[in-house]
Structure formats: C-alpha cells, structure tokens
Amino acid sequence: MAAGHDLEMEDMNLNMDRDMKGELEEEKEMREDRGGKDTFKNKKVHRVVSKWMLPEKVRRTYLERANCLPPPVFIISISLAELAVFIYYAVWKPQKQWITLDTGILESPFIYSPEKREQAWRFVSYMLVHAGVQHIVGNLIMQLALGIPLEMVHKGLRVGLVYLAGVIAGSLASSIFDPLRYLVGASGGVYALMGGYFMNVLVNFREMIPVFGIVRLLIIILIIMSDMGFALYRRFFVPANGSPVSFAAHIAGGFAGMSIGYTVFSCFDKALLKDPRFWIAIAAYFACVLFAVFFNVFLSPAN
C-alpha cells in the first residue's frame with residue numbers, strides 16, 4: 001500500500017512538473033510572438049524588396065542578413081536638401097518657382113551656369129535647384145520610390161556613388177553637348193538609379209518575377225518618356241521671358257547608371273573592389289570626365 005501511495009505521489013509530481021513546464025513554454029512562446037510581430041513584418045518587407053531589387057540566386061543571402069541599420073539615410077537626406085532649396089527659392093525669395101524656372105533663380109550659387117564654370121561646385125550643386133513643382137515632384141517621387149529600396153539592399157555608400165556619378169556625368173555632358181545652356185535638377189542622379197536598376201532587371205529578367213518585370217519596365221519607360229518630354233519642353237519651348245534649360249543630363253545620367261550603376265547593383269554578394277567590371281566602368285567614366293574637363297578648358301564655345 002505504501003509503495004502504491006508513493007507511486008501515485010510521484011506520478012502527481014511528474015504531471016505537475018510537466019504542466020509547469022508547459023505553462024512556462026507557452027508563456028515564452030507568447031512573449032516571443034509579441035516581440036516577433038515586428039520582426040515578422042520587417043521580414044515581409046525585406047522579402048518584397050528582395051523580389052523587386054535582386055535576382056533569385058542572391059535573395060536568400062540578403063534575407064539572412066537583412067536589417068534596416070543603417071536606414072536609407074543618403075536618399076532621404078538628399079531629397080530633403082532638394083526640397084528645402086526649392087521651398088527657399090519658391091517662398092522666401094521673390095521667384096515664380098512654383099510653376100516654372102524664373103529668370104531670377106539663374107543668380108543662384110547652386111545652378112550650373114556656362115558663364116561660371118570655374119566655380120566647380122556648380123557641377124554638383126545644380127541638382128538642388130528645380131524648375132518648378134512638376135520638376136521637383138517628379139524627381140522626388142522617382143528617387144524615393146526607387147532609391148529607398150535600393151539603399152535598403154545595397155546601402156548608402158553604393159547608392160550614393162551611383163547617384164553622384166549620374167549628377168556629375170549630367171553636368172559634364174551638358175557642358176559639352178549644350179554648352180550655352182543652364183542646368184538645374186537632380187535628373188542626372190535619378191536617371192543613374194533608373195539606368196542601373198533597368199539594366200539589372202533586363203539582365204535578370206526571368207528571375208525577377210517575369211510578370212511584374214514587364215510592368216516595371218513599362219513603368220520605367222513611361223516615366224522616362226514623360227520626364228524627357230517635360231525636359232524637351234523646357235529646352236525648346238520655353239516662354240519668351242524665360243531661360244532654356246539643358247536636358248543632356250538625363251541621357252548622360254542614364255548611361256552612367258547603365259555602366260557604373262549596373263556594375264554596383266549586380267555585385268550585391270561580391271566585393272565591389274574585386275570585380276574587374278567595376279574598374280572597367282570606372283576607367284571609362286574617368287576617361288569621359290577628363291575629356292569633358294579638357295573640352296571645358298580649351299574648346300568650349302562658352303569660353
């Protein structure tokens with residue numbers, strides 16, 4: 001009887017231990033679920049971004065190390081700077097910047113001016129000034145919609161390299177092919193991002209969701225056509241009291257993106273500096289830069 005009683009007591013103790021362990025495990029799972037909701041949402045966002053930005057073979061690598069640190073600081077910072085400059089000239093300066101490029105804005109120290117090419121910063125700072133609401137809204141929408149996911153995947157240093165390569169290529173190309181015209185806007189940088197992304201989608205078309213791939217290509221082409229149309233209007237159909245603005249930066253920025261941008265964005269899981277394609281693209285880019293500098297110093301009609 002005593003032995004039977006002891007066995008019953010042991011069974012009860014074991015059952016109590018199991019119940020307590022089960023409760024503790026359930027409590028732990030509940031805590032993990034509460035804390036894991038945000039993680040799940042983040043993973044879902046990263047999964048969507050990876051499908052839009054990366055070919056299938058490197059998505060797993062991205063998802064294994066995906067995080068939002070650092071956040072897309074570069075593209076957000078550059079967008080805020082462009083918006084701040086636009087508001088400054090549109091509101092606090094007596095300009096008509098809301099609709100189109102006013103002649104007074106041509107005195108800005110940021111704009112690229114053919115008469116002031118010795119002020120080298122203008123070859124970059126022109127991206128901060130825009131010719132009206134339509135111009136800046138189009139650039140901001142495109143660079144945020146494309147730049148933020150690109151920066152989530154490739155980080156700010158690489159996206160910044162591509163963006164600034166497009167900006168510099170744009171001003172130098174404008175100084176060669178349209179040497180007597182002013183230049184404003186971030187279209188060179190935006191087109192560099194689009195060019196790099198476009199080439200990546202084109203090369204990895206079958207892997208980057210074919211149905212959505214067609215839609216993405218059509219959207220990019222539509223945006224390019226509408227933006228180029230607006231740029232051509234500003235160049236050739238400007239009002240009599242206005243000043244025509246060059247559009248060469250769009251084309252040069254796109255080519256910079258299709259060379260440097262494609263190389264950078266296709267090296268997600270590789271060391272960029274060890275990829276020979278990167279150095280070939282950089283060498284070609286700097287050869288064009290040197291030619292543009294030589295042209296501006298010795299051959300430009302604006303001299």
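Placement of Cβ uses the backbone N, Cα and C atoms for every residue, glycine included.
TrEMBL has this to say about the protein:
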type     : residues : note
TRANSMEM : 69-91    : transmembrane segment
DOMAIN   : 118-266  : domain 'Peptidase S54 rhomboid'
TRANSMEM : 123-148  : transmembrane segment
TRANSMEM : 160-177  : transmembrane segment
TRANSMEM : 183-202  : transmembrane segment
ACT_SITE : Ser187   : active site, nucleophile
TRANSMEM : 214-233  : transmembrane segment
TRANSMEM : 245-265  : transmembrane segment
ACT_SITE : His250   : active site
TRANSMEM : 277-299  : transmembrane segment
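Counting residues 6+ beyond its ends, the transmembrane segment (277-299) has Cβ neighbours under 8 Å at 117, 165, 168-169, 172-173, 175-176, 256, 259-260, 263-264, 267 in the same chain.
Beyond the transmembrane segment (214-233), the same-chain residues lying 6 or more positions past its ends with a Cβ under 8 Å from any Cβ of the stretch are 52, 134-135, 138, 142, 187, 191, 194, 197-198, 201-202, 245, 247, 250, 254. Listed stretches 69-91, 160-177, 245-265 were compared with the transmembrane segment (123-148); the greatest number of C-beta pairs under 8 angstroms is found for 69-91. Listed by sequence, the residues of this chain that lie at least six past the ends of the transmembrane segment (245-265) yet keep a Cβ under 8 A from its Cβ atoms are 53, 101, 131, 150, 154, 158, 161-162, 165-167, 169-174, 176-178, 181-185, 187-200, 203, 224, 227-228, 231-232, 234-235, 238, 272, 275, 277-278, 281-282, 284-285. Counting only the Cα atoms, the space from the residue listed as 'active site, nucleophile' to His250 (active site) is about 6 angstrom. Here the active-site residues are Ser187, His250; the one with the fewest Cβ atoms within 10 Å of its Cβ is His250.
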